[in-house]
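Following: one structure in C-alpha cells, then a few remarks.
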Amino acid sequence: MATSAQGEDGEETTVWTLGKECELRLEASWENPLQVTLQAGKAEVFGTEIPVGHEFSFKGQKIAVFTWHGATIRVKGKPEVAYQESDTPMATYLNAHGILEARRQRAKESTGKEQELQGPRVLLAGPVDVGKSSISKILINYAVKKGWAPVMVDLDIGQGNLTVPGAISAVPVEAPIDILRGYPQEIPLVYQFGHTSPTENAEHYKYLVKRVAEVLDARCKASEHARCSGMVINTMGWVEGLGYTLLLDAAMTLKVDVILVIGQERLYSVLKGEQSLKGKEIVKLPKSGGVVTRDRDYRQKSRQMRIKEYFYGHEEEFMPHSQSVPIEALKAYRLLKKQSASNHALPVGQTAEHKTLTVAPMDSTKDLMHTILAVSHASTVEEIAAENVAGFIYVSDIDPINNRLTYLAPCPGPLPGKYLLGGTLKAYFE
Ligand SMILES: Nc1ncnc2c1ncn2[C@@H]1O[C@H](COP(=O)(O)OP(=O)(O)OP(=O)(O)O)[C@@H](O)[C@H]1O
Ligand SMILES: [Mg+2]
C-alpha cells in the first residue's frame with residue numbers, strides 16, 4: 001500500500017506500507033536522488049539492516065528494501081521506478097545461507113581434530129544481471145550477523161565491487177556492508193589486471209586468482225575464525241567459452257565447495273555434469289524478478305562512477321592530490337601474452353604460469369593518457385605480475401612538449417611503490 005503527498009519543500013513523498021516478506025524496489029536516476037527512511041518495523045537492503053528513523057539518500061542505483069515481518073518506508077524524491085512485490089526469492093536465499101551456516105558450524109566443531117574442516121567457500125555463478133553481486137551481499141551480511149567474518153572475493157573485473165574495475169580483490173567483512181558505499185574502503189588484497197575483460201590476457205587472470213588463493217589459504221591456516229567463516233566469491237557474468245573455463249579454473253583454484261548457480265538452468269546442468277566438480281555442492285537459486293538489466297551505457301557509466309568514487313569518495317569527501325612529474329619519472333608497465341610480447345619485453349619469472357607472461361614498458365605517449373595505473377608492491381620489475389598493489393593513480397594529462405605528466409593520487413606524497421602496472425582500463429573525468 002502506498003500513500004503519496006507533496007512535502008512542504010515541494011518534494012514528492014510516498015509512504016509505503018509493506019507486508020511480511022515484501023520488498024520495495026526502487027530505482028533512482030543519476031539526476032534525481034531518492035531519500036529513504038524506515039519509519040516503523042524492520043527492513044534491510046541486500047541484507048544490511050536499516051536503522052529506524054535514519055534517512056539515506058541514493059542516486060544512479062537500483063535497490064530493494066526488503067522486510068521479513070512488515071515495515072513502513074518513506075521515500076522522498078522522484079523515483080524512476082518504485083513498486084512493491086511480495087513474490088521474492090529471499091526465503092530461498094535464506095536457505096542457502098542456512099547451508100553455509102551449517103558448514104561453518106561443522107568447521108568450528110572440527111577445530112583441533114585430526115582433520116580440520118574448512119568453512120564454506122561459495123562461488124556465485126550465472127550470466128549477467130541475475131543478481132550475483134546482490135546475493136553475495138545478502139550472504140555476507142547474514143554471516144556477519146551471526147558473528148562471522150567471511151572474505152568477499154571479487155573476480156568480476158568488469159564492475160569493481162570492492163575497488164576500481166580491472167582488479168581482482170578480497171576483503172574480510174566484519175561489519176554489515178554499507179548500503180551506499182558498499183564494502184569496506186580499505187581492501188587489503190588487490191591484484192591489478194588492468195582490463196575489464198579477461199580475453200585481454202586470460203593467463204594473467206588465472207595467475208592472479210592463484211595468487212589470491214595462496215594468500216587466503218595461508219590466512220585460513222593461521223586463523224580459526226578465518227577458516228570457519230569461509231569466503232563468498234563473486235564472478236563475472238560470462239559463462240560460456242573462455243568465461244566458463246575461467247569459472248571452472250576459479251572454482252578449483254580457490255577450492256570452492258559450494259557453487260550457487262543463479263538464473264540459468266543450462267549452466268546448472270553443465271556444472272552438475274562436470275567431472276572436475278564431483279563432490280562439490282551445486283545448488284540452483286532463482287533469479288529475483290527485481291534484478292534490473294543494465295545496458296552497455298549504464299554499465300559504462302557505473303564503471304566510471306566507481307573509478308571516480310575511488311579517488312573522490314562517495315560524496316566527494318576525499319581530497320585526491322594532483323601531481324606533475326617529468327614523464328620518465330613514472331615507470332609504467334603492462335603484462336603481455338608471450339606471443340604478442342614486443343622486443344622490449346622481459347620474462348616475468350620461471351614458474352609454469354609465468355612462462356606465458358612477459359612484462360613490457362608502456363608507451364607514455366600512446367598508452368598512458370587517461371589510464372588507471374596500479375602502484376605495485378613489487379621491488380623488481382619481474383615481480384610485477386605476482387605482487388599485490390597499494391592503490392591506483394589516474395593519468396590526467398601528458399604534455400610531451402614540456403615533458404610533464406600529471407596524475408591524480410588518493411593522497412599527497414611519494415607513491416608507495418616504484419613500479420606501476422597498467423592495462424587498457426581508462427577513465428574520463430576532470
Ligand atoms: N530484488 C531487487 N530489486 C531491485 N533491484 C535489484 C534487486 N536485486 C538486484 N537488483 C539490482 O539489479 C541490478 C543487477 O543486480 P546485480 O548487480 O546483483 O546482478 P549481477 O548478476 O551481479 O550482474 P553482473 O553480471 O553485471 O555483475 C543491480 O543494480 C542491483 O542493485
Ligand atoms: Mg555483479
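Start at 1 and count along the chain as shown; that gives each residue its number.
Cβ atoms here come from the backbone N, Cα and C positions, even for glycine.
TrEMBL: automatically predicted annotations, no manual curation.
TrEMBL lists E23, D129, V130, G131, K132, S133, S134 as ATP-binding residues, and of the candidates K59, K62, K108 the one it assigns to that same site is K62. Taking a C-beta cut-off of under 8 angstroms and a sequence separation of 6 or more, K62 (ATP binding site) has the following same-chain neighbours: R25, L26, E27, A28, V81, V292. Counting Cβ atoms from all protein chains shown, E23 (ATP binding site) has 25 others lying within 10 Å of its own Cβ. Residues within less than 8 Å, Cβ to Cβ, of K132 (ATP binding site) and separated from it by at least 6 positions along the same chain comprise L124, A125, G126, D156, N234, T235, G237, I262.
Look at the Cβ of each of the binding-site residues S133, S134 and count the other Cβ atoms within 10 Å; the largest number goes with S134. Between the two most distant C-alpha atoms of the annotated ATP binders (E23, K62, D129, V130, G131, K132, S133, S134) there are 19 Å.
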